[in-house]
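Among the features that TrEMBL reports, region 'Disordered' is placed at 1-90, 383-408. Taken from TrEMBL, the feature compositional bias 'Acidic residues' applies to 16-27. Residues annotated as compositional bias 'Polar residues' in TrEMBL: 36-64. What TrEMBL records for 158-213 is domain 'P-type ATPase N-terminal'. For 190-210, 459-479, 491-510, 1035-1054, 1084-1102, 1114-1134, 1141-1161, 1173-1195, the entry in TrEMBL reads transmembrane segment. Among the features that TrEMBL reports, compositional bias 'Basic and acidic residues' is placed at 387-399. Positions annotated as domain 'P-type ATPase C-terminal' by TrEMBL: 972-1200.
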Amino acid sequence: MPKSYEYQPTIGHDTDPEDDLDLDELDYATAGANGHSKSTRQSPWRTSSTPQSQSVPLRSLNDSSPHRFWQTKNKRRRHHQSDDLEGLLDDGFDEESRGWNVRKSDRPVRAAKPIHSRQSSLRQSIQYSRDFVKQELAGIRDEPDASSKDSREVDVGRQQKKKYPANIVSNAKYTLWSFLPLTLYNEFRFFLNIYFLLVALSQIIPYLRIGYMSTYIVPLAFVLTISIGKEAFDDLARRRRDAEANSEPYTVLAFDPDSAVRPTPLGAREAQKKSRDLKVGDILKLEKNQRVPADVVLLKSTAAEAVVEGPAELAAGDTVAAETFIRTDQLDGETDWKLRIPCPPSQGLSLADLRRLQIIASAPNQKVTEFVGTATLSARASAYDPHVAKQQDEGESPRESSPSTTSIPLGIDNTAWANTVLASNTTTLAVIIYTGKQTRSAMSTSQSRSKSGLLESEINTLTKILCVMTLTLSVVLVALEGFEPSNKKPWYVATMIYLILFSTIIPISLRVNLDMGKTVYAYFIERDQGIPGTVVRTSTIPEDLGRIEYLLSDKTGTLTQNEMQLKKIHVGTVSYAGEAMEEVTGYVNQVFAQNTEQKQLLASMPVRSRREIGTRVRDLIVALAICHNVTPSTEEIDGEQIVSYQASSPDEIAIVEFTEAVGLRLQQRTREEIILQSTQTDKTVLTARILDIFPFTSDSKRMGIIVKVSSTIPDLPLNDELVFFQKGADTVMSTIVAANDWLNEETANMAREGLRTLVVGRKKLSQAQYDAFASAYQTASLSLHNRDTQMSSIVASHLEHNLDLLGVTGVEDRLQRDVKPSLELLRNAGVKIWMLTGDKVETARCVAVSARLVARGQSITTIAKIGTKAAAIDALDSIRNRSDTALLIDGESLAIMLTHLRTQFITLAVTLPAVIASRCSPTQKAEVAILIRTHTKKRVCCIGDGGNDVSMIQAADVGIGIVGKEGRQASLAADFSVTQFCHVTKLLVWHGRNSYKRSAKLAQFIIHRGLIISVCQTMYNIAGKFDPKGLFKDWLLVGYATVYTMAPVFSLVLDRDVDEKLANLYPELYKELKTGQSLSYKTFFTWVAVSIYQGIVIQGLSQLLVGAVDGPRMLSVSFTVLVLNELIMVAVSVTTWHPIMIVSILGTGALYAASVPFLGAYFDLQYVASLGWVWRVAVVAAISLVPVWSGKLIGRAVRPPSYRKVQGR
């Protein structure tokens, strides 16, 4: 039952001083509508005879905000006197004719004049730039009055006394001012970049300079430019998506039209505002399926039918509040619709009088289930009193209280938070209370962070090892000379020069190639026709898709479609499902449609089937059609009347839709009665007068109703009887219904099928029984102590015992496409799956079973309502030795675990095959993700579709967002966006595998390329009596790392070891990726050994065969073999050839051959054209490559890799 409210007079209602008035604030176009063009803004005092004065309520003269400091006091006073006089003399404005719901086609022509001026093409082309700067300035603007720790006073429909944050959604990682500092910090977190920065800076010192300074500075600048540019591109893409969300149009009410526009007879006009331009105090007009853009308090709610039929009466306040339902699954994950009640004093007000309201709201916080506020309705201004104005001018306070000034408390039932959706077929007016970063959803969302992949961390560690090797080598070379270099330089200077010479050991191109590879992987993912609509929003971590250890998933909208369907009923002796439901329809039509054919069909059945089963089915269907809180609503779509149902739970709607499908339709429902009609005859067949309703709660787990049934069917047994119907969870109903031998078995069977079960019972009451109950219940409801407990006790003692068991229903929460095989494949791939949802414990259990998150035969241990640390310890002890059970824990118990037993809980939880957490807040979801990451040091992937999943997604190593039905909050904030849960398997098993394997091979080759040239340099320095001179200088050094080797090495991003079919057929292949074997210490040191061998062979043999330690002849042989060696090594390492690989290798070889004639400054070109050069190059290359290739073939034969085993070769 709706809670009754008692109005109380307010104390000390303040009014702004009159002499601080600025009439410019009364003009909506200048004071409230930021999106309006300047050309349409006109002064409200242009002429005294315009109708504008009619729309300036005298109350506004005292309530205007005193923040315009550029007008003088005397000038404002003249405007006050002029408009006050006009308001007093002109009383021809018809208050009763006001309205707010006239559609655009119904408005007067002048009132429908567009508010926005015509935009030029130039302004349209720079709109995004303007929005970007606007958003940046809003993010950094100093707002000393908009404290997030103080309560606030919101003047409804008026200018506010304080400034509040802009209503901007931002998923960007950087601002205009923080971008460069943060990106540079993120870049120089990597040792690789710091090392090369120091090397580049060393070239400023002439004593240490080797070759051209640009040789060292330009590559570093290029690397940083590529990396920072990539971050900028990704962040600008996020900002473009945010701009789309912030530009979503909403309808607001404007109370002071421009003087050039005649005021509408309804007292207010509608104006369009973009979401980012909405401000605290604006009055929104919301309709069905519209997303709420900010935190609001509801003011008026009317049925959509009434909006069309009686706009004038609605504007005047002559309406009855319609029930308003909102969907909160995008905020808290709960699937049940929430009933919301407009602020009681405002429902009966005219639109003009809404401005008399002031909302006092508590300070912003992230508690989505709590709100404390007060609505104050000030006295109506009937006349202008100059004495009162004089008192206010002199600083005196107005009267402390007024008998007509009232206040009323506001709670969570009067609010709708941002990202919820209006579900009912109503038109609702709401005032904005919190905007932007102070909304509940924004405060529950963690700040975006820059993510770096596990592969980058591993490479960063390897570069440190290479640096130590470089330093060691430099010191050894200096030590071999007895720390007395032959070039007469101090030993420490010689060491520094060696460090610079060997800097190629740590290849600066490594980061560039890896970043370019990530871009290629993102391209492949977005162009994959098997996962259409997938978007890569963070292109820095595709390799982590191949290293996922834990997958944390939301339930509603992610695993399920949030579409309920009644799949099965059981009446004790028989169950019905699928095609058997036609028999249920026959039983219903026999009674309510008076169908002759059905009667003949049933008459041919055995007596028991015709009477007993038919009666049971009829009684169950009647109970389901009456025992609910569903209200039918009618709306017109494309000229056709469509009936839809609205209720607080989708389960209830599924049940009512089922009763309609089998022949009994809910025609009408009011607070007093329920009317049912036959779908066969469209005639009313049953009316139930509602006497009492006992709503469902999470504690009671049941819902009941007492009705008096009357029917037009003469032989209906329930006619003119008092009946108590009740339905609820089997855990509570089993002790309420009469003894039976089938209930527990059947509910267990349905639960194993993943169906949400409801047990339905009935009890007939005599008039005396009902009178006794009603009297006791009324007495309990007046109790001041333990009222709820006493009322529940009365219901239990008078009604809830020995109910006739009518049957059991099984409702299915329909799963997303291919959820079951997807979860099974991920489990086989070694991924542990957790489900974190804000929904109820029972719902979470059913979905976990139906989605096969919990394997068949696997037990589920439930930990719920744990309130103390001791109880939590006992609960953990109970499952400590049961590693084969799945854990189901509610939010209350999880909070205790996270507060007192973090380490014990996570240590135990990660060993379990599955964990299901229900009633989780967004903050708890993020906390669990962070806890798993920090405890296990493994990669965690989080996936969700709602605004309540954003924190979890951002806290994960890899965040995946699903484009939901109600919004894109999760998709916009995620690293990867998909349209279906089943696409995750391909994203991980196929694209994740390829990205990781390719990047690992690419990194190894780039390290090999740098190491081998450094080994050649070392051999050259040793042969040159430790003189620290460069072997390959200037273009040879730059060309080797770019045009001569880059394309073939980079083409490895197209390689793959298995095809997609095998990757899905053998998900076990994914397990080895998580161990990091593709780029481990073992593989790293193997490549170091190969590089050392090949470097020694190439440089040593070149010097021996040419017969010279230095010179252009030796240089031509050594460098040519170096390039050929790299090209052939790439070819040998390819697993699956791609045409681009062939073109890259052959094309690069041809390019090198063509460039040799231009290398006369380095080579002896006559010697290069001789046969002696050719055979020397061939011999050195063969000795360098053949042993390495042979060793690889032998290793594959002895210990073949996993992918070769599944390929059978």
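Each Cβ is built from the backbone N, Cα and C atoms, and glycine gets one as well.
The transmembrane segment (1141-1161) shares the most Cβ pairs under 8 Å with 1035-1054, out of the stretches 190-210, 491-510, 1035-1054, 1084-1102, 1114-1134. Beyond the transmembrane segment (1114-1134), the same-chain residues lying 6 or more positions past its ends with a Cβ under 8 Å from any Cβ of the stretch are 1001, 1005, 1008-1009, 1012-1013, 1016, 1031-1032, 1036, 1040, 1044-1045, 1048-1049, 1051-1052, 1055, 1094, 1098-1099, 1102-1103, 1105-1106, 1108, 1141, 1145, 1148-1149, 1152, 1156, 1162-1164, 1167-1168, 1173, 1176-1177, 1180-1181, 1184-1185, 1188-1189, 1192. Across the domain 'P-type ATPase C-terminal' (972-1200), the prediction's mean pLDDT works out to 91. Long-range contacts of the transmembrane segment (1035-1054) within its own chain (CB-CB distance under 8 A, at least 6 residues past either end) are made by residues 211, 215, 219, 504, 507-509, 513, 516-517, 520-521, 998-999, 1001-1002, 1005-1006, 1009-1010, 1013, 1115, 1119, 1122-1123, 1126-1127, 1130-1131, 1133-1134, 1138, 1140-1141, 1144-1145, 1147-1148, 1151-1152, 1155, 1159, 1162. Residue counts for the domain 'P-type ATPase N-terminal' (158-213) under DSSP (helix as H, G, I; strand as E, B; rest coil) come to 24 helix, 0 strand, 32 coil.
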